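Trainee: Here you go, one structure.
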Amino acid sequence: MYFAVIGTHVRGKSASPAMHNASFKTLGINAVYIALDVPREELPCFLQLARLNLRGFNVTIPHKEEVVKYLDSVAADARAIGAVNTVLVERNLLVGYNTDASALYQLASSHMKGADVLIVGAGGAARAALFAAIKAEARAVYITNRTYERAEALAREFAEKFKREVKAVRGPVKADVVINATPVYDAVVADLSGASLYVDFAYIPTPRTKMVEEAQRLGIKVIDGVDLLVEQGAQAEKIWLGVEPDRTVMKRAVLEFLGI
C-alpha cells in the first residue's frame, strides 16, 4: 500500500513520511508513505493518479480548501469546515476528512469550553481551528489575519453557518486560548498575556517557534505543532487502516526527523 502527503515544498521538509513509516513498521503493515510536491495547477491530475495508485493521502498548504471540490465524498464535519487534510481512497473513490479539527478538539477542547479563543490565520488550518472551538463551546471566538478582509469573510461564513458569534479583529486581543493556524514560526503573532493555553500548528523548521518560547517563558501550557501533527496523523491512520497506532512511536520519529 502507498500513502503520501501533498503540498508545495514538502519533500525533505515534512516529517509525515518519517512518522507514518515508523508507525507502519511497528504495526507490521507493508506500506510506504512519501512526500510529493504538487503545484496548484497539477492538483486535478494528481488526484486522478491517486485513485489508482494510493490507499490514502494527507493534504497540506496550499491545497486543503481547493481539494474539496475534486473529491467524490466528504465527511460532514470536513464539508462544514470547508477544508480537507486527510483523504481515503476506497474502490477508486476519494473520500475527504479533516483530522486537523478532530486532533485539535481532542487535545484542547477542555481548555476551549467556555473560553475566549483567538485564532491567527484564515486558511485551511484556521477553518479547522474555528470548527474545533465552536464544537468545544467556546464562549467567544475571534479571528485575526494579516489580510483583514480574509479574516472578516471567514468570520462571517462561520457565524452564518453555525449560528454563533465569530468576530474578525484587526489589533491585539487578549484571549484564554490562542491558536496560531499559520506556518509562521519566527515572529510574535499574538498577545499571550492572560492566556492559559497556546496552540501552534507550525513545526517546520522547529516546533520551538518564537511564540512557543514566549508561552513557555510566561508559564502557559503549550500544544505545539508536533503534538498536533502526531494526533492528526494517528487519526488519519485509523481512517485508512482501521487500527489505533502508537502515538509514542510516531512522536519519537518526528522528533528524530527534526533533530530534537
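Using the three backbone atoms N, Cα and C, a Cβ is placed for every residue, glycine included.
The shikimate binding site annotation in Swiss-Prot covers Ser14, Ala15, Ser16, Thr60, Asn85, Asp100, Tyr203. Summarising the annotation, Swiss-Prot assigns active site, proton acceptor to Lys64. Annotation source Swiss-Prot lists NADP(+) binding site at Gly121, Ala122, Gly123, Gly124, Ala125, Asn145, Arg146, Thr147, Tyr148, Glu149, Arg150, Phe201, Gly225.
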Trainee: Where Gly225 (NADP(+) binding site) and Tyr203 (shikimate binding site) are concerned, what is their Cα separation in Å, rounded?
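Mentor: That separation, Cα to Cα, works out to 5 Å.
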Trainee: If one measures from the C-alpha of Arg150 (NADP(+) binding site) to the C-alpha of Ser16 (shikimate binding site), what distance in angstrom results, rounded to a whole number?
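Mentor: Rounded to a whole number, the Cα-Cα distance is 29 Å.
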Trainee: When DSSP is mapped onto helix/strand/coil, what comes out for Ala15 (shikimate binding site)?
Mentor: coil
Trainee: If you measure from the C-alpha of Ala125 (NADP(+) binding site), which of the binding-site residues Ser14, Ser16, Tyr203 fall inside 10 Å?
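Mentor: So far as Cα distances go, none of the binding-site residues lies within 10 Å of Ala125 (NADP(+) binding site).
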Trainee: Could you give the Cα-Cα distance between Thr60 (shikimate binding site) and Gly123 (NADP(+) binding site), in whole Å?
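Mentor: On Cα coordinates alone, these residues lie 11 Å apart.
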Trainee: Quick check for the class: what is the C-alpha distance, in angstrom and rounded, between Ser14 (shikimate binding site) and Gly123 (NADP(+) binding site)?
Mentor: 19
Trainee: Could you name the residues, excluding Ser14, Ala15, Ser16, Thr60, Asn85, Asp100, Tyr203, of the same chain that surround the shikimate site, i.e. Cβ within 8 Å of the Cβ centre of those residues, in sequence order?
Mentor: Val5, Val10, Asn58, Leu229, Gln232, Gly233
Trainee: If one measures from the C-alpha of Lys64 (active site, proton acceptor) to the C-alpha of Ala15 (shikimate binding site), what distance in angstrom results, rounded to a whole number?
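Mentor: Cα to Cα, Lys64 (active site, proton acceptor) and Ala15 (shikimate binding site) are separated by 18 Å.
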Trainee: At a 10 Å cut-off from the C-beta of Arg146 (NADP(+) binding site), count the other C-beta atoms across all protein chains.
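Mentor: So the number of other Cβ atoms within 10 Å of Arg146 (NADP(+) binding site) is 12.
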Trainee: Between all pairs in Ser14, Ala15, Ser16, Thr60, Asn85, Asp100, Tyr203 (listed as shikimate binders), what's the biggest Cα distance, rounded to the nearest Å?
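Mentor: Farthest-apart Cα atoms in Ser14, Ala15, Ser16, Thr60, Asn85, Asp100, Tyr203 are separated by 16 Å.
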Trainee: How many neighbouring Cβ atoms, not counting its own, are there within 10 Å of the Cβ of Ala15 (shikimate binding site)?
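Mentor: For Ala15 (shikimate binding site), the 10 Å Cβ neighbour count is 25.
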Trainee: Other Cβ atoms within 10 Å is the metric here; tell me which of the recorded positions Lys64, Arg150 scores highest.
Mentor: Lys64
Trainee: Sorted by position, what residues of the same chain at least six away from Ser16 (shikimate binding site) have a C-beta under 8 A from it?
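Mentor: In sequence order, Val5, Val10, Tyr33, Ala35, Asn58, Leu229, Gly233 meet the Cβ cut-off.
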